[in-house]
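Below is one structure, written out as structure tokens, with a few remarks after it.
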């Protein structure tokens with residue numbers, strides 16, 4: 001579950017009396033998806049966050065500053081913190097030690113009745129008991145009262161009473177668990193990068209806490225990363241702007257509380273055109289925004305317009321900037337902590353508390369206004385950037401109209417080069433974005449015209465990382481894609497209007513093809529990101545080689561496969577190898593059989609797992625700072641496959 005700023009009312013009184021019991025654990029193993037979302041790889045990793053979040057509660061309450069997560073042999077997980085240790089005295093209602101109640105009873109925790117944590121997003125103890133129920137084995141060690149207490153469980157059932165196993169001069173809690181393979185049938189193997197990304201994010205969002213991740217599964221190659229950011233989300237913004245050119249050296253930073261709502265905001269403008277706004281409530285990434293984002297945007301637009309007019313940078317009232325104009329080239333993070341967060345939206349990642357809007361608006365507007373008046377040169381640059389964005393917006397409006405279709409049935413306005421499919425059901429429809437007209441011809445002949453549409457792209461599309469929306473919308477290839485997809489773009493984007501649920505990038509297997517693929521992915525990431533988040537974007541995998549032996553043909557997709565095939569084939573009859581450099585070299589039948597036929601093809605689905613890394617990668621590869629790109633090329637040249 002989520003965690004937030006915690007305030008334990010009285011250190012001495014944090015004991016069993018404050019752990020309240022609501023209900024039993026029986027349902028968890030029967031319907032695990034209700035408690036952790038799914039039993040897939042994502043649900044498996046969710047177990048780790050349930051335990052880590054409890055440790056973060058302790059840290060934010062001021063009782064811990066170190067958390068360690070270890071992936072042990074056989075994919076055991078160990079989470080250690082140096083907090084006070086879970087209470088071990090007898091819980092009155094259950095007549096059992098509080099630590100056992102927390103680990104075996106659903107909705108038992110220190111967040112009910114006001115006696116434990118004052119502010120917390122999750123229900124402290126819910127996570128622990130759910131993890132216990134879904135674990136093959138779980139062990140707890142509590143360092144408290146100069147004593148080490150220990151208890152072990154199998155599938156949530158205690159194997160013996162809580163016992164004393166030693167003395168200690170430390171305090172804290174250690175929980176070890178192994179996920180139950182009967183529940184997690186897809187996998188019980190943890191992904192280091194998945195854990196690393198969230199742990200880094202938690203370290204940014206909770207400044208001053210040190211969180212360490214260690215992987216001990218391979219004794220020869222133990223991997224460890226430790227994260228500790230005294231600057232918190234200010235450091236986060238600086239990292240996101242690392243490959244950009246900031247307009248002002250230091251991010252604007254505010255960290256204040258009002259009406260028991262803690263507000264932390266960091267914002268820094270750069271010379272680019274993309275907006276990067278990340279919002280969090282009680283450490284949960286609110287992908288769908290919410291009232292904290294609304295309050296911030298409202299204050300930002302109002303204050304910039306007020307400053308622009310009063311300082312005469314903007315001449316008249318009609319020159320007012322829109323919200324979109326004020327956010328061009330802005331990197332910002334909003335993090336709030338609330339005692340009772342209400343989450344809404346399709347994925348429960350939208351903050352709904354109405355009182356938050358006014359609090360964020362008031363705190364941020366006061367601070368931002370003061371910053372502008374104290375830094376007039378930076379203020380002028382930001383306002384003038386907004387004015388340029390407004391002009392581009394007006395110019396883009398006309399171009400945007402060209403890409404708009406009245407409805408999904410408005411076939412007349414579809415691009416002329418598009419060979420559309422006959423099905424009108426988006427769930428089964430796919431569109432192939434094909435490099436070059438000649439390959440486009442082959443794919444049109446070889447496709448299944450009922451469900452497969454083809455849009456040939458001539459040449460390289462515009463690098464959107466270096467362009468404003470008006471210029472982007474004047475690019476013919478981009479305009480055709482927007483019209484064909486039917487979703488709109490930027491602020492007008494509507495995923496529900498997507499005409500295809502598979503958008504397949506199909507380029508040549510050479511350097512030019514890779515460049516076009518990167519340009520397309522940059523466009524999707526910056527202007528149609530929900531397509532990626534919904535899992536609609538794919539990359540086709542055309543074969544690299546055709547190996548012929550007598551009448552037998554083999555299509556091979558990479559060098560490793562080729563080496564394996566060559567080692568397995570008889571030397572007679574003699575075989576020959578042809579390398580495909582372009583899609584146009586294959587006829588329609590070959591393209592269908594190797595790359596487009598759903599029965600045989602291989603597609604790579606584009607996923608967005610680490611927003612920080614994705615943003616930095618696109619900026620580094622496609623942005624203005626040459627030095628970082630040169631360094632990347634030098635570091636990775638050894639892995640390159642060059643075509644001469």
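Keep in mind that glycine also has a Cβ here, set from the backbone N, Cα and C atoms.
If you look up Swiss-Prot, you'll see 435, 508 marked as Mg(2+) 1 binding site, on the strength of sequence analysis. Long-range Cβ proximity for residue 435 (Mg(2+) 1 binding site), meaning a same-chain Cβ under 8 A and a gap of 6 or more residues, is found for 456, 457, 506, 507, 508, 512, 513, 516, 583. Secondary structure at residue 435 (Mg(2+) 1 binding site), as computed by DSSP, is strand.
Among the features that Swiss-Prot reports, Mg(2+) 2 binding site is placed at 508, 510.
According to Swiss-Prot, the domain 'Toprim' annotation covers 429-543.
Taken from Swiss-Prot, the feature site 'Interaction with DNA' covers 460 (among others). For residue 460 (site 'Interaction with DNA'), the number of other Cβ atoms no farther than 10 Å from its own Cβ, over all displayed protein chains, is 14. In the three-state DSSP reading, residue 460 (site 'Interaction with DNA') counts as coil.
Residues annotated as site 'Interaction with DNA' in Swiss-Prot: 463 (among others). Same-chain residues at least 6 positions away in sequence with a Cβ under 8 Å from that of residue 463 (site 'Interaction with DNA') are, in sequence order, 519, 522, 622.
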Over the domain 'Toprim' (429-543), work out the mean pLDDT and round it to an integer.
88
Please spell out the DSSP helix, strand and coil residue counts for the domain 'Toprim' (429-543).
56 helix, 21 strand, 38 coil
Euclidean distance between Cα atoms of residue 460 (site 'Interaction with DNA') and residue 510 (Mg(2+) 2 binding site), Å:
14
Of the binding-site residues listed (508, 510), the greatest number of other CB atoms within 10 A surrounds the CB of 508
